[in-house]
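Before any comments, here is the structure.
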Amino acid sequence: MHELAITVIGPDRTGIVADVAEALAGVGANLTDSTMTRLRGHFTMTLICNGPSLVEAREALSGLVDVVWEVRSVSPESDKSDKGQPYVVSVHGADRLGIVSAVTRVVSAAGGNITDLSTRLTGTLYVLIAEIDLADGAAEELAEQLAVAAAELGVEVSLRHADSELL
Amino acid sequence: MIAWDGPSGSVLPVVTAPSTVLSTVGDEVDPADPAVVQLAADLVATMKVSPGCVGLAAPQVGVGAQVFAVDVTGHPKAATTHGVFVLCNAKIIEASRWKAGREGCMSVPDLTGDVKRAGRIVVAATLPGSGEEVTVTTDAFEARALQHEIDHCAGKLFLDRVAGAHAIYQRKVYL
């Protein structure tokens, strides 16, 4: 079984997701995990699929106009079970160079694995939200280190446990 | 008092999605029917042996019926609690104080999602066995649990109510 990693980027327009999905369905691609969003008006889609060969997937996407895409063969990974606890990091403040780099370096140094991250720039306000997987007991120290980094950057930061309730 | 004091039941296997029974509106039941009392007992027994489980609805054990068990006793987010209880044909008649929270479900073991639920509800239902009509007023975590179970009885999962495209998460902590 081929597992393929595909990215598609282009100007956003109505129907673009349907066009990409239809092109891939046409060559028997089964979409597994995917994410799609608009980044400053650009349509961006990243997905994993299986079924078609590299060549078939590339042929399917070559019919799309006005987008750039990339198809790569990847080896199937078993879902790594995260061992720690889920936390959410929120950062907001005046935009400046290096916010993402400084914050994520602090998270990484504390052994936190980022599992999801989005940033948005709106006017001069910069916002970063990250989901991280953090070892038990590491939160307090990370919160202190994030506070130091945030003070240097002049932004606000918070770290909170993303507790979910089993019902 | 609405606390469960029925017979002891059997532990049943829990159904996971995708499954038709989880997406089908449960039938209203006759609370005096011995089969319903047995189902109630089985739900309580299954809930009790499942780590971290605070509620279990009939569709989750493969029965398309409006019956569920709840027990949030001792949960840190609970305020009002009614102990272990089972309700039949429950309907929400008042809901207020809406609040988002992240929840998971034994029938969707690998995902959690952000779902808005009322922080205060009034539920009308009948008790299994006696068939007594009761009104349950509760809040906080017990209210969230009741809404989750009433959804199950209506063929809905938390996935039907998640707040947005990026509001579902790979579940990281296995109890």
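Keep in mind that glycine also has a Cβ here, set from the backbone N, Cα and C atoms.
According to TrEMBL:
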BINDING   B:CYS105, B:HIS148, B:HIS152  Fe cation binding site
ACT_SITE  B:GLU149  active site
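Projection of TrEMBL feature records onto the structure.
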| residue | record | contacts (Cβ under 8 Å, 6+ apart) |
| --- | --- | --- |
| B:CYS105 | Fe cation binding site | B:HIS148, B:LEU157, B:PHE158 |
| B:GLU149 | active site | B:GLY55, B:LEU56, B:ALA57, B:PHE68, B:ALA69, B:VAL70, B:ALA90 |
| B:HIS152 | Fe cation binding site | B:LEU22, B:GLY26, B:ALA57, B:ALA58, B:PRO59, B:GLN60, B:PHE68, B:SER107 |
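Over all protein chains present, the Cβ of B:HIS148 (Fe cation binding site) has 26 other Cβ atoms lying within 10 Å. Chain A comes close to B:CYS105, B:HIS148, taken from the binding-site residues B:CYS105, B:HIS148, B:HIS152 by a C-beta to C-beta distance under 8 angstroms.
For the recorded site, B:CYS105 (Fe cation binding site), the DSSP three-state label reads strand.
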